[in-house]
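Enquirer: Can you keep this structure in mind? I'll have questions shortly.
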Amino acid sequence: MTLAKRIIPCLDVTAGRVVKGVNFLELRDAGDPVEIARRYDDQGADELTFLDITATSDGRDLILDIIEAVASQVFIPLTVGGGVRAVDDVRRLLNAGADKVGINSSAISNPQLVFDASQKYGSQCIVVAIDAKKAADGRWEVFTHGGRKATGLDAIEWAKKMESLGAGEILLTSMDRDGTKVGFDLDLTRSVSDAISIPVIASGGVGGLQDLVDGVKIGRADAVLAASIFHYGQHTVQEAKRFMSEQGIAMRLT
């Protein structure tokens, strides 16, 4: 049986509001996180990803109250990331109602965190987020702190290392494509998908429904994440699922 591919709307949150930017900058308000999460649940989203995009760079605490409010209204799997620095942060997020926890900047400063968290809570709830940008030498470099800090790490090698330490999924964002609506970086997505055996969630650049199809068929992603096309009413999740299903992709249709 073919495993169904997933559509995951992404809620980037700062100061308690959902926002959307271009290339990780120029943030525009998109609404209240609880309202938006409820709408996507009603539309049949497979999961939601909730990223506190300024938590790490600002050093702010986890926004547990918002997560508790969202989790009380939403009954699909919820991945939450942003500001996760210790195994205890993972515990607090899971207790607040998250099903999975995203680790990004802290995975680089402390890779042991990925191992320890996956050992304690299981790989299935540890998602490592990789924000990658094409470098001058043709490889993809990993960035942290909301895309502000270069690491010198190769994205493909880093994904392999994270898998070996116990990550259950990779959330792979092309910073070059973020918010541009020109489609995923399919070379990046396919290169990482081919290099590891855990699921890859493609992120960054969706402008239309065909981009979602391409992420799966060409990029070989297991799930596709999008924000702009859903937040501003361009498409519903149901439309996206139907379109992907019509293109021969196994989807959970509601």
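We number each residue from 1, going along the chain as drawn.
Placement of Cβ uses the backbone N, Cα and C atoms for every residue, glycine included.
According to Swiss-Prot, the protein has these features:
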{"type": "ACT_SITE", "residues": "ASP12", "note": "active site"}
{"type": "ACT_SITE", "residues": "ASP131", "note": "active site"}
Enquirer: How many neighbouring Cβ atoms, not counting its own, are there within 10 Å of the Cβ of ASP131 (active site)?
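Expert: A 10 Å sphere around the Cβ of ASP131 (active site) contains 27 other Cβ atoms.
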Enquirer: What is the number of other Cβ atoms found within 10 Å of the Cβ of ASP12 (active site)?
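Expert: Here the count is 25.
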Enquirer: In whole Å, how far is ASP12 (active site) from ASP131 (active site) when you measure between their Cα atoms?
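Expert: Cα-Cα, rounded: 14 Å.
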